[in-house]
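S.K.: Sharing a structure below in structure tokens format, with a few things to ask.
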């Protein structure tokens, strides 16, 4: 998919000419060490970028060239985009992850910056170990929906393990955003500089930073990372997907559910994926309940795959989308533009605020004690018009306990019922009971509606004259 990627000045990328010069370019496919020139093993883009009918050695060089070309193109494109300014209205409120900000003073701007830069940003990577089932060492060009799903799950984990007002203390190197009508507008001047840990902080802050690093490490591009790309691709194989394929938002929701189920490090969190745009409360309750009825419920991430129109977004859904993004328990929306996934986390006026995964960065070795964190946090807010939003997306929510789940249900009922006044169909629905019960009820109701009533006879093969009472005309 056509996408955007990092500024070429910041991240080194190899030129296509390097692929032609290297003598090892025609070695057979298979696991091998990291590529010192920057793009990994020579089969890095086999399934994703084509040449399925080529011989056993030639695709190695061809795919390597294609991978390098695609990464270089992404670098150039992102380098152009990042130079453009993103302006925000100084008059209108901006909603980010359920919080409202008004740029009325310098303090408001700093609070917004601190909140935005604290969200985890998971992007294309290169030079990681080969993905399952092939030799791909980069997801550049095809893994954006998986990355958007990772960001949504990461936001849920931040809410699960850290206080709701937690912010990344080291991320305040952000330049203020452009404000329309501001007396002294400012521009984004590049990524925040990496700062060493603040050892003078108290024990709670240090523990939060340790947890922050642990959450980041769970998304590392390594086969052992529970929510890393390798694990997600492995789980997608049961659905017929492989590395290099396009993943839709609904499929990614189920992959995330399986990943959390199989993670031994996250025992008090479960993921529920709705069926047919319906959240069944009893199914959620059964999922989060413990054997001891008096024990606390587990926390839950609720993922709701929806379609908000035909080929394009139906504008009648925009007010409802805004209402959901204002909800504090909303994790955002995994969607984007057609064939271009983005992670929406807020809005201002008629524009969505998003994190873009199309930023091809080198893989980070998270096994180091103080691995750098700056590439996991975005410092440049971006926005997109609602009209460009792809109608196929997945909305996420988080409830930490039973009380929060009840609060969430009340809030969703209010939002969905108020929006349905102008919509023929709501975005999704909440229902009591279990999905299985509703399926059986629907089946029974269909069977209970007769289209033809045969006369009762006391003897088989006994003819009877039909009358108007023996048939039901629909």
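Cβ from N, Cα, C; glycine included.
Copying in the features that Swiss-Prot gives for the protein in this structure:
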| type | residues | note |
| --- | --- | --- |
| ACT_SITE | 144 | active site, nucleophile |
| ACT_SITE | 356 | active site |
| ACT_SITE | 358 | active site |
| COMPBIAS | 15-27 | compositional bias 'Basic and acidic residues' |
| COMPBIAS | 35-57 | compositional bias 'Low complexity' |
| MOD_RES | 467 | phosphoserine |
| REGION | 1-60 | region 'Disordered' |
| REGION | 64-103 | region 'Cryptic mitochondrial signal peptide' |
S.K.: At the level of the C-alpha atoms, what whole-angstrom distance separates residue 356 (active site) and the residue listed as 'active site, nucleophile'?
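M.R.: So the Cα of the residue listed as 'active site, nucleophile' lies 8 Å away from that of residue 356 (active site).
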S.K.: State the Cα to Cα distance, in Å, between the residue listed as 'active site, nucleophile' and residue 358 (active site), rounded to an integer.
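M.R.: So the Cα of residue 358 (active site) lies 6 Å away from that of the residue listed as 'active site, nucleophile'.
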S.K.: According to DSSP, which of helix, strand or coil covers residue 356 (active site)?
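M.R.: Reduced to three states, the DSSP call for residue 356 (active site) is coil.
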S.K.: For the residue listed as 'active site, nucleophile', what is the secondary structure state per DSSP, taken as helix, strand or coil?
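M.R.: Once the DSSP labels are grouped into three classes, the residue listed as 'active site, nucleophile' ends up as helix.
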S.K.: Among all protein chains shown, how many Cβ atoms are found within 10 Å of the Cβ of residue 358 (active site), not counting that one?
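M.R.: Result for residue 358 (active site): 25 other Cβ atoms within 10 Å.
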